[in-house]
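*Asks:* The Mg(2+) binding site annotation in TrEMBL covers GLU73, ASP116, LEU118, ASP119, ASP246.
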Amino acid sequence: MASPAVLMRVVASAYSVAEKAATIVRNVMAAGDLGIVEKTGANDLQTKADRLVQMSICASLARKFPKVTIIGEEELPTEEVTEELIEDGHCEEILKETCPAQYTGIKEEELVIWVDPLDGTKEYTEGLLDHVTVLIGIAYGGKAIAGVINQPYYNYEAGAGAVLGRTIWGVLGIGAFGFQLTEAPAGKHIVVTTRSHSSTLVNDCIGALNPDSVIRVGGAGNKIIQLIEGKASAYVFASPGCKKWDTCAPEAILHAVGGKITDIHGNSFQYHKEVKHMNSAGVLAALRNYDYYASRIPNSVKQALVP
């Protein structure tokens, strides 16, 4: 039998690497010293978990796939990574899937991996643990084509003995797995948006959608999960704060199940290795009825957000 395509091997490894990352995230929290550093301010934090997880993910994937470009959120000193941070396993189930024909010829050096070691850091430091995700997005030709989202604390309110955490993965042309795809209630407009980066523009944009309700949560990964599990019908963020490592993995998973994510103007995100990291024109996403929400974004909001 032919060995699995590079893409499927990368996704299978990323799955195991994300599970290892989740263990690190939980261990840092359990040890009690988060080692919090402010990056640009009180809403832009980095913890010991962000640092260790990024080292673990990047070093583990770089060892297996040395020609892949890996871009991580945290700027870290290049230090020797200890063996205990390396994960060399992979998910057998993913390797059994047939790689979509358009991706079978991909070479290792054509892939770009975008890593957010701990999405929702502020929430992590505040104990809002279900907001936290580990994001590994895989791009080819500038497009997000595969992704892994791990929720280290999924099920954490279920009490002692509950199995903590879950890993969601998806590939365009195969689908997305590890969760129950659910559509938001028909006829309801439930908007999920930022919890800690609100502004007049963010709120004006949400108001224009005339939502039945608004959910404010941390983390881009978490917001996309709200969409694919039917808890929200649109994710709207009319502000420049989001970065490529926040959207790459969630985009791949949302697109794999027929949803859509763009900037506020309706432009697709680009994930080439040379691309600027900031999604400066905000985010608009929906599992269904994307056009309904896109048509209601006010021109004043569009003018304020330059791609």
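Using N, Cα and C of the backbone, Cβ positions are placed for all residues, glycine too.
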*Asks:* Do you know which of the binding-site residues GLU73, LEU118, ASP119 has the most other C-beta atoms within 10 angstroms of its C-beta?
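*Replies:* The largest 10 Å Cβ neighbour count belongs to LEU118.
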*Asks:* I'd like the Cβ neighbour count for ASP116 (Mg(2+) binding site), meaning other Cβ atoms within 10 Å of its Cβ, all protein chains included.
*Replies:* 31
*Asks:* Would you count the other C-beta atoms found within 10 angstroms of the C-beta of ASP246 (Mg(2+) binding site) for me?
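*Replies:* Here the count is 27.
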*Asks:* Around the Mg(2+) site (GLU73, ASP116, LEU118, ASP119, ASP246), what further same-chain residues have their C-beta within 8 angstroms of the site's C-beta centre?
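*Replies:* Neighbours within 8 Å of the Cβ centroid, excluding GLU73, ASP116, LEU118, ASP119, ASP246: ASP50, VAL115, PRO117, GLY120, THR121, THR133, VAL134, LEU135, GLY219, ALA220, GLY221, LYS243, TRP245.
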